[in-house]
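K.L.:
Structure provided below as structure tokens; questions to follow.
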Amino acid sequence: MDKFRVQGPTRLAGEVTISGAKNAALPILFAALLAEEPVEIQNVPKLRDIDTTMKLLGQLGARVERNGSVHVDASNVNVFCAPYDLVKTMRASIWALGPLVARFGQGQVSLPGGCAIGARPVDLHIYGLEQLGAQIVLEEGYVKATVDGRLKGAHIVMDKVSVGATVTIMSAATLAEGTTIIENAAREPEIVDTANFLNTLGAKISGAGSDKITIEGVARLGGGVYRVVPDRIETGTFLVAAAVSRGQIICRNTRPDTLDAVLAKLREAGAEIEIGEDWISLDMHGKRPKAVTVRTSPHPGFPTDMQAQFSLLNLVAEGTGVITETIFENRFMHVPELIRMGAQAEIESNTVICHGVDKLSGAQVMATDLRASASLVLAGCIAEGVTIVDRIYHIDRGYDRIEDKLRALGANIERVKEHE
């Protein structure tokens, strides 16, 4: 397993180009299974989860290639089962189920793996597909869905806001007979992006981005070209990198309008922020950030995927900050690691109380999930001495060349291959 070796402290400064959003590219790639003609998807990040998805689509019989863009031709899909060996590394595989059953009347997906944060059952996906008329059984570790003829439109009320299940229902409903309404739908920008992609192929989806999405079923989807939205979490991570190191940054090829809650908290922490149509600049003017109070909630609230980075910000800020996690349980696994670097914090159930310290010290730490590991790498950039971050395969699942981008900002970071 690779490690990162980071030598600090560094004040990060410069420009970074933001990659496409993992959380939009994944559902869009799976939704390409619905199309009977070739699609071209631009701005897809280079990540392990993307590679796994492309491999999975290939195993289902799609032609998939990458040359700048990702090209998917699902016209000859003839296998309807997503096997355990690919699914086990990535929860997103469940997104194959809706498109398979909607277009081919059958689909099966092994129960998924992915980050070890909290309970993320597939129940809501299953509930949604059953409402659309699919018969679903769980056997031998697989979720198996079938339908006679086409799925039927339905009025579906989600009892919990779920990005994953909203994607599943919306994708499957594009080919259902009649109209589907999803109430209490997730409102994330990645949902909007997936809907825009499907509409490009001929779907009739309206209301994405609100809590009520309407899908008028169509008989088939064609081909098209689509560009994935920039990654708001990668953007936020690099903005925090500059903020905690008292530096400055310009993020290019991003979408400021997807980051309102994060930008508001960074301003509260004392950052000077300017925005343009596709760029954000942040300047700390050499000052230490001020502690902020953060409560995660579904979009447009403060994103859970930025919680670990703001934990770090509070741990090196002036004052005491409180962070409350309302989305996932067990999502403070980075905090004990940061305490080993000299941070001061107490965890009380779903809240972490952060007492800002003036400096952190390098240590050997372990990545536990995707966003937590990013915060450990940023901690290494600002800590005195050497930090070794172990198990960085988590980072490779969600950040496109993070070490290259940090190096361009002045970080002293290298990837150490296990055999060295």
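Yeah, the Cβs are placed from backbone N, Cα and C, and that goes for glycine too.
The active site, proton donor annotation in Swiss-Prot covers Cys115, and the record cites sequence analysis as its basis. Summarising the annotation, Swiss-Prot assigns phosphoenolpyruvate binding site to Lys22, Asn23. Feature annotation from Swiss-Prot assigns UDP-N-acetyl-alpha-D-glucosamine binding site to Arg91, Arg120, Pro121, Val122, Asp123, Leu124, Lys160, Val161, Ser162, Val163, Asp305, Ile327. Per Swiss-Prot, the feature 2-(S-cysteinyl)pyruvic acid O-phosphothioketal maps to Cys115.
Tell me what's around each of these sites.
P.N.:
In the three-state DSSP assignment, the secondary structure recorded for Lys22 (phosphoenolpyruvate binding site) is helix. In sequence order, Pro45, Leu47, Asp49, Ile50, Asp231, Ile233, Gly398 are the residues near Lys22 (phosphoenolpyruvate binding site), counting only same-chain partners six or more apart with C-beta under 8 A.
Packing around Asp123 (UDP-N-acetyl-alpha-D-glucosamine binding site) is summarised by its Cβ count: 12 other Cβ atoms lie within 10 angstroms of its Cβ, all protein chains included.
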K.L.:
I need the CA-to-CA distance for Arg91 (UDP-N-acetyl-alpha-D-glucosamine binding site) versus Asn23 (phosphoenolpyruvate binding site), whole Å please.
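P.N.:
That comes out at 12 Å between the alpha carbons.
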K.L.:
Give me the Cα-Cα distance between Lys160 (UDP-N-acetyl-alpha-D-glucosamine binding site) and Asn23 (phosphoenolpyruvate binding site), rounded to a whole Å.
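P.N.:
Their Cα atoms are separated by 19 Å.
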K.L.:
Just the number: how many Å between the Cα atoms of Asp123 (UDP-N-acetyl-alpha-D-glucosamine binding site) and Asn23 (phosphoenolpyruvate binding site)?
P.N.:
20
K.L.:
Over all shown protein chains, what is the count of other CB atoms within 10 A of the CB belonging to Ser162 (UDP-N-acetyl-alpha-D-glucosamine binding site)?
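P.N.:
Result for Ser162 (UDP-N-acetyl-alpha-D-glucosamine binding site): 22 other Cβ atoms within 10 Å.
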K.L.:
Within 10 Å of each Cβ, count the other Cβ atoms and name the one among the binding-site residues Arg91, Lys160 with the highest count.
P.N.:
Arg91
